[in-house]
Structure formats: C-alpha cells, structure tokens
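K.L.:
This is the structure I have questions about; it appears just below.
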Amino acid sequence: MADTHKIYFEPVDIEMEVGEDEKILDAAFRQGIHLMHGCREGQCSACKSYILEGEIQMERYSTFACNDAEVDEGYVLLCRAHAFSDCTIELLNFDEDELLGGVPIQDVRTRVTAIEPMTRDIVSLRLTAIEPATYEFKPGQYSDIFIPGTDEHRSFSMATTQSTPGEVEFLIKKYPGGRFSALLDDGLAVGDELHVNGPYGSFTIKEGHALPVVCIGGGAGMAPILSLLRHLNETESTRPVRFYYGARTAADLFYVDEILALGEGLRDFEFVACLSEPLPEAPSPDGGGMPSGLRPELGNVTDVVARREEALARCEVYLCGPPPMVDAALLFLEQQGVPNDQVFHDSFTSPVTVVTT
Ligand SMILES: Cc1cc2nc3c(=O)[nH]c(=O)nc-3n(C[C@H](O)[C@H](O)[C@H](O)COP(=O)(O)OP(=O)(O)OC[C@H]3O[C@@H](n4cnc5c(N)ncnc54)[C@H](O)[C@@H]3O)c2cc1C
Ligand code: FES
C-alpha cells in the first residue's frame, strides 16, 4: 500500500490524509471535502493553490493553467498533485458553504432513453438512473460519463435539475473522431447502459445571493446554463437574468422557445442570441432556429456583451462553452473589473487537447 501523508489546508483549518498514489483533489472528494475545481484535468486553474510547506509533484498539466514561474514560486494544481510528505497548502479560492457541504460523489448505472439531434453538431442525450434510482446534483454541475468498455471518461454538464431526479439530459457537441461524442452517431443506442460518476464543478447558483445574473454561453455551453435557468424558474427567483448565447448561425440555435418560456416565469429576463456568421441557413432538426420576434445581435458573444453590458462589476457572471470563448470572456471580465468571486466558469476542455510542459 502507498505511503500516506497529512495535508493541512489554510486558511480554512481543515486536515485530511492523502496516499502518494492519489491526487490531492481526489483524496479531498473521498473525505467529503469539496475544494474549488473545474476541469480536473490540469487545464483550467480553478484548483490552483499555494504550497506553504511540503513536497508535491504534479502529473501532466497545461502551462496555461499554471506556468513555470508560478510552479517555481510554489503554486500547484491540486487536481494533478501528489504529496510525498506532510504538507500545508493555502487555498486561494474556496466556497465556505461547499467545502464541507457539497453533494457527495456518486457512481450511477444509467440507461440511454433518447439520443436526439438538436442542431447539425449538438445532440441531446437523455439517461435514466437505474442503480441508484436517483442522481443528486446541483444545477450547473457536471458528470463524468465513461466510454463503454473502457476506464476513460469525458465530462458533460447536466441540463436538467432535481425536478427530475432520475432523468438527466446532457447536450453534447460532436467532434469527428471524438472518443465519446462520435459514439452518438452509431456507437450508442436507446437501452444501452452508461456509467456516470459525479457530480463535480462549482458552476452553481449561490443561495442567498441577489446580484443580477449574466449568463454567457456558446455551443454545448447551453447545457449548464439551461440547468441554471430551469432552477431559477422552478425556485421563482426574483434576480434579474440575462442570457447571451453565441452560435454561428440561426440554424445553430436550439431550445429557444423553452428558454423564452422559462424567462416568462422570471421577473426580469432577457435572451440575446449572438450570431457570428449570420448567413441564411436551413432550420435546425428540432425545428428551432430563429423564432419570430427574436432579433439576433451580430458578432462574437463577448463583443455583444461588451456592447450591451455597462455594469458587469455589479453582476454575477456564469460563463461556459468552448475554451477560446471562455478565455476571451475571462480576459474581458477582468478588464471590466468584475471581481473574481463573482465569476463562475466551466471551460469545455478535452483531455486529448491538453498542452503540457
Ligand atoms: C467541466 C467540463 C464540462 C464539460 N461539459 C460538456 C458538455 O456539457 N457538453 C459537451 O459537448 N462537452 C462538454 N465538455 C467537453 C467534453 O468533456 C469532451 O472533452 C468533448 O466532448 C470531446 O470529447 P470526445 O471524446 O468526443 O473527443 P476526444 O476524443 O476527447 O477528442 C477528439 C478530437 O476532437 C477535437 N476536440 C475535442 N474537444 C475539443 C475542444 N474543446 N476544442 C476543439 N477541438 C476539440 C480535437 O480535435 C480532438 O483531437 C466538458 C468538459 C469539461 C472539462
Ligand atoms: S486545473 Fe485543476 S480543476 Fe482545472
């Protein structure tokens, strides 16, 4: 059995044990400690912390998430880190409510109940939980879905909420040759079983907060935002909500009617479709596209937000989708002076595109 060491987290005064063969973030989850995290692949920097004392080594990670100078200074990505002595680690980001009160990680056997095209490259995958019969998660969180017959998995955000605790929907962008997403064309069928593990992620609505909510999404980044909107609607939230969704053309829009219906249940809601290539297109397979009355804004979603939002520093911003979009928006939000603790983001990175040292 691998040697174990003690990890002491400051400034939260929490101690735990970690084996040399497990990553510090995984050891924390195992012991019910929900540290701040995003991708869990060493790519997003959400788990970046500071080593005050002790010996730590990291597995493969992206230098965009933690550069060489930071590593030399003592910064570490806890999702990639193994401890080889007792350590004291300073958490740079943490959510006091989540730390010891997060939803426990579950292993769920599920069955595919529907695979439906939403647009030319986005598919809705619906699963029903078999064992256990319900899956607990917070709106905006994500799961690992295992590639059948392997111990490899991919992360996908839930689009649904706890109003359907045994039925979960994911919205998945297809990549040609993608190990998981290509299965949606001919490798998976209704009735097949999938192993789901989760929930993970900090892209959740914070109870008791009152600031206006600005959601910025692109592509399959619709999924966790739809979950947040469904939750805000179900809980009759009174917070103002604006949702900027970036797509290439009108044919890449989907669920627009449901989004507008959810918005009708909110006190102050606006949906802004942002089209980067406004060429005339055939309607999407779900009969979606631009509904009458909805006027799209032209341009990248970040440019549209920049044109329309004047007081972002007084909003909570939920940002998610393809990594280039998320990176551009994070830079813009920093320039606008939006405090870090008002920005929640999930960057839809792939483990095979990681840029390493
Ligand atoms: C926290 C989190 C939440 C996520 N939620 C979702 C979600 O709700 N819906 C969703 O569709 N995806 C989501 N993703 C991304 C998802 O986990 C996979 O990485 C993605 O679906 C590709 O997996 P794959 O097995 O199909 O392709 P892979 O086999 O991993 O990759 C095959 C090829 O596809 C291309 N590719 C894959 N990903 C990208 C990318 N991001 N940008 C450019 N090219 C790429 C590359 O050419 C790559 O070589 C999420 C990722 C994270 C970290
Ligand atoms: S870099 Fe660790 S969670 Fe993303």
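Cβ from N, Cα, C; glycine included.
Computed from a predicted structure; not experimentally measured.
Pulled from TrEMBL, these are the listed features:
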type	residues	note
DOMAIN	5-95	domain '2Fe-2S ferredoxin-type'
DOMAIN	105-206	domain 'FAD-binding FR-type'
K.L.:
Could you count the residues of the domain '2Fe-2S ferredoxin-type' (5-95) that DSSP puts in helix, in strand and in coil?
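P.N.:
Reading the DSSP string over the domain '2Fe-2S ferredoxin-type' (5-95) gives 13 helix, 33 strand, 45 coil.
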K.L.:
What are the helix, strand and coil residue counts for the domain 'FAD-binding FR-type' (105-206) according to DSSP?
P.N.:
4 helix, 48 strand, 50 coil
